[in-house]
Every structure is written in C-alpha cells, then in structure tokens.
Amino acid sequence: CPIYIEPQHLRNVSEFFLMGLSDDPELQPFLFELFLSMYLVTVLGNLLIILAVSSDPHLHTPMYFFLSNLSFVDIGFISTTVPKMMVNIQSHSRVISYAGCLTQMSIFILFGGMDCMLLSVMAYDRFVAICHPLHYQVIMNPCTCCKLISVSFFVSLLNSQVQNLIVLQLTCFKDVKISNFFCDPSQLLNFTCSDTLTNNIVMYFIGAIFGFIPFSGIFFSYCKILSSILRVHSSGRKYKAFSTCGSHLAVVCLFYGTGLGVCLSSAISQSPRKDAVASVVYTVVTPMLNPFIYSLRNQDIKRAMWRFLRKII
C-alpha cells in the first residue's frame, strides 16, 4: 500500500459506503420515486406471472414451470439491490455493513447465475419441444424439470461462494467507497493494495465459464431449432414454432445484450459513476421488462392473467 495509507485487514472493516448514482441532494427524491415504481412494477409483474401459472391447470407444463421460476429469480435479483438503495436514499445514509456487503454480493451473484442457467434450461426445453415433439413428455417429465432447476441452483450457488471466497482473501484495502448502488464484486477487488492479478484471472475465468456454458447451450439449442423449423414446409407450423420461441429469445437478447453492453462500457469508460448508471440496465430494467415481454407475446399467459385477476377482483 502507499505509505500514507495504513494497511488494514479487510475482515476488520466494519462498513462500506455505497456512492449510489448521484451526489445531487435535489435528485434523491426523484431517484427514490423512480426506483420505487420500477421495483413495484417488477415485483407485481413477476408475481402475477407466478400466480397465473400456478392457478391455471392448462399452464402446468415444463415451459411455464420454468417461466414461473425465472419470474421468482427476477424478483430475488432486483430485491437484492434496489431496496437497500431506497433505504439509503430515505435515511440519507450510504453505509452498508461488511457482512451485509458480502451477503448482498453473494445473493446478487446467485440470482444472476440462476438467470443465466434458467435461460439456458428454457432454451433446451424449446429445443426438445420443436426438434423432438413426440418424445417431449417423456424427456421433459416433472422429475427432469425439478432436476434441471436444482442443478441450476447449486451451480449458481457454487459460483457465488467461490467468488465470495476470492473476495475474502483480500488482506489490504485502499478505499471503502463503492462507486455503485450495490456491492459490485469487481469493485471490491480493486480495493486491495496487493497484487490482484491472480484473483482477477480466477474471477474472470469463473465468470467466463459460468457465462459461456449457458450461452453456448442457448446458441446450440437455437441453431438446432432454426434448422428444424427451416425443414418445415407449412407456414402455419413455422409461425407457431417461432412464436413459442420469440419471447424467450427476446429475453435472452435483452439479458445478455445489456450485460455485454455494461462490460464494454466499463472497459471503454473510466468513470465509475457512468458504470453504475449502466449497471441499472441489467439489474433493474431487464427484470422489469421480462413480464411484459412474456405477457404481451403469449396469449396463454394473457388469458391466465385475466382469469386470475377476475377471481380476485
């Protein structure tokens, strides 16, 4: 560490400071109302999908089972970061405890990994449905679906705990100010004064593996799906096949596109505050838009939602 900074152990740090999106006090009420509305829309939209799927026997199929799990993960994903940000705005405090920061980081990675894995599982489900329709019920039986969800959870949990252990190895820090509205693991690595080359290599390698494998599964599934659809001569069957994949493909493009955009903007821009604004897209906007994408493009979901709303009103 530089001479004027006294080295300390990261484990002895009692709190960190989340710098948020803006230092302007006049902007804080607007940010609170904006993120509160986005949070409520996200939670209510995804919760409505879960309740609609669970209440309609016609939607008790693997595709909608995975969709309801994705909605649950999206609720957890946004609930990991936004409520703490709103509490900080209202209390005029940017403090988060050391344990709270590591917990938030771990849960954030867990739900982010679950998003990636579930999108890959849903792509596999569409691949089986379109390319092997006669064996769909046998392959995608309830036991297999539960196993796929369990594997997605444990793989994501392993990823989050490995990255958490890497951060715990930090022995010296330079700053405790996180230039974001949540505990970003990449920023925590930048706090150390010691050589972080090995930690960075391991973390980015893990991130690449856990990001590359699900994306490869999605890419392979859609290559097979496209090849199968092009062999179909009926335009009606082609449209039906494309319509069943359209919503999922839109969510995949939104999730991976915004994530890639944030990575590229972080590499190009050297402004931590701009990186924080960019991270809002995939941490808040993407979970908020998913219910709209699935409900607007899926007639079954629309009908199930209206039936459910009529029951409770």
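Using the three backbone atoms N, Cα and C, a Cβ is placed for every residue, glycine included.
Keep in mind that TrEMBL annotations are predicted by a computer and have not been checked by a curator.
Per TrEMBL, the features are:
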DOMAIN    45-294  domain 'G-protein coupled receptors family 1 profile'
TRANSMEM  30-51  transmembrane segment
TRANSMEM  63-83  transmembrane segment
TRANSMEM  95-114  transmembrane segment
TRANSMEM  201-227  transmembrane segment
TRANSMEM  248-270  transmembrane segment
TRANSMEM  276-296  transmembrane segment
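Summarised as a single figure, the pLDDT of the domain 'G-protein coupled receptors family 1 profile' (45-294) averages 83.
Proximity of distant same-chain residues to the transmembrane segment (63-83), defined by a Cβ-Cβ separation under 8 Å and at least 6 residues beyond the stretch ends, is recorded for 35, 38-39, 42-43, 46-47, 49-50, 53-54, 104, 107-108, 111-112, 114-115, 118-119, 121-122, 125-126, 129, 145, 148-149, 181-182, 244, 251, 283-284, 287-288, 290-291, 294, 300-301. If you look at the transmembrane segment (95-114), the same-chain residues 6 or more away from its ends with a CB under 8 A from one of its CBs are 10-11, 13-18, 73, 76-77, 80-81, 84, 88, 152-153, 155-157, 159-161, 163-164, 167-168, 178, 182-185, 188, 210.
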